[in-house]
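Since the structure comes first, as structure tokens, the remarks are kept for the end.
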Amino acid sequence: MLRGIDLTVRPGEVVALLGANGSGKSTTVKSVIGSVPLDDGDLELFGTPYGRFRAWQRIGYVPQRTTAASGVPATVREVVSTGRLTQHRLLPFRRRDREAVDRALAAVGMLERAGDGVANLSGGQHQRVLIARALVARPDLLIMDEPMAGVDVDSQQVLADILRREVERGCAVLLVLHELGPLEPLIDRAVVLRDGCVAHDGPPPKGVGQHALPGHDHVHPHADDHRTSQGLLA
Amino acid sequence: MIEMLQYDFMQRALIAAVLVGVTAPAVGIYLVQRRQALMGDGIGHVALTGVGLGFLFQTSPVWMAVLVCVLGAIVMELVRSRGNQRGDIALAMLFYGGMACGKLLVSVSAQAGSGSLESYLWGSILTVSPGDLTVIAALAAVVIAVTLGLRRQLFAICQDEEFARVTGLPVRLLNLLLAVMAAVTVTVAMRVVGLLLVSALMVVPVAAAQQLTRSFAATQAAAVALGVTVAVLGVAGSYQADLPSGPSIVLLAIAAFALLSAAATPLARRRHRAAADTGPAVCDVALPEQRTTATASGADGGAARAEDPSTSPGLAQ
């Protein structure tokens, strides 16, 4: 549960939400995208109250990667194309939609894997596909939930480079992270949550022990906590 | 083989078989994608109440079944979207209540003997009347229009519902639409394969097709092609050998599944080998203490930031 979180992400800013499991990071992000309803308080997206917000193409959402495969095979291109639905809606998928998908796939370096099944990808490749899906619509705000979870070190660097390019383009980023890792140089502001409250809001905390080491990968048994809490809240 | 086409009832049976062969997998693929493969079975149980009501009020059992199925499917969708822990109990009540209610209604209605209930349970494609065929064709046209016309939207909500909501899709509306389409498909297929086997034609062609495919679009196309093939062969075979059509169609579909899985095993093995990760098999990820993440600021700065030897292998989970 979240208590008294007052958080504003400004244009072009990279904000990291940090904190232990169960501190409310994912819940915060899910309430921003409307998956978890607010009991109380206000939510504004790009200055519009949540209830009247329609410009969803301005938000690119990268959910926490799950290993659960869907029941039917799908290719990388098919998954990424769902990010374009905001633009073409009920119209047929045209050439410029296809080009937008190609561009997003190229941005994450997955264009040559476009025809492959998503079930055969590694953790890092899968994460890149999810980012491409969010980038298709050229969002002004990227919301990412644990983008580094289960991603190997090389891919983490690739992800950091992708993110840097998006930030240079002027995109704001709200990230849920376990540790800063290779993304540290990009982050303007860190918000540390503890028990659903803001414990720190300011420059990223320096030197957080071995959690901040490059290559330190937070895949540990507690990862399950997230899944159960999502199920109950969603 | 050709002379059976001279009979009107066989022409109707074959047209109905083609329509069911197209619609059932076209809807079923979304249910399979969302791991709701048995939803069609549940709707089939509920449909029985509709058939019973049709008998009782002396109206068309098909239209009554459409009505009851749509209501049942909407209830099922609401239970699913709530994510209720006891949702499966609620669904059990719905399924068995629907089935029991149907049998009870049929037995109190004066019109029908047990023989005609049997024809809804197991299908009796050879007794499809011209009126039945018109209804089946109209309903099938709606189902095909929705499942193919909105395939990108339906794919998106079944692939990742949360992401679909953030792209601004009317997720709840699309979910209800899919549930209604599944309900309509059950009633379309009711005369051909019977309520007890309806779900098989929604699921088995999809399961068989995806043994060989990698994309969703190809799976859908192959599943529909397979559905039409087994439905037509099943009807023709049941005419030739005097067997009930529903079970023949379903067993043919399962045979196709077995055949394609056997063919796919060496293929998948080769694909798996090609995709295998060649990274180191060493795992020395240190488990950190929970509570101290990012809050123990100032512990040790730059020194700890040097090259970390404990590179975790890619797919640690």
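Placement of Cβ uses the backbone N, Cα and C atoms for every residue, glycine included.
Note that TrEMBL annotation is computational and uncurated.
Taken from TrEMBL as is:
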TRANSMEM  B:12-31  transmembrane segment
TRANSMEM  B:62-79  transmembrane segment
TRANSMEM  B:91-113  transmembrane segment
TRANSMEM  B:133-151  transmembrane segment
TRANSMEM  B:163-182  transmembrane segment
TRANSMEM  B:188-209  transmembrane segment
TRANSMEM  B:221-241  transmembrane segment
TRANSMEM  B:247-268  transmembrane segment
COMPBIAS  B:292-304  compositional bias 'Low complexity'
REGION    B:292-317  region 'Disordered'
Feature contact check the transmembrane segment (B:133-151) with the transmembrane segment (B:91-113), CB under 8 Å, 3 or more pairs: no
Residues of the parent chain within Cβ reach of the transmembrane segment (B:188-209), under 8 Å, 6 or more residues beyond its termini: 16-17, 19-21, 23-25, 27-29, 31-32, 37-41, 43-45, 47-48, 51, 62, 65, 119-125, 128, 132, 136, 139-140, 143, 182, 218-220, 222-224, 226-227, 230-231, 235, 245-247, 249-250, 253-254, 256-257, 260-261
Touch test for the transmembrane segment (B:133-151) and the transmembrane segment (B:12-31), at least 3 Cβ pairs under 8 Å: yes
Candidates B:12-31, B:62-79, B:221-241; stretch with most C-beta pairs under 8 Å toward the transmembrane segment (B:163-182): B:62-79
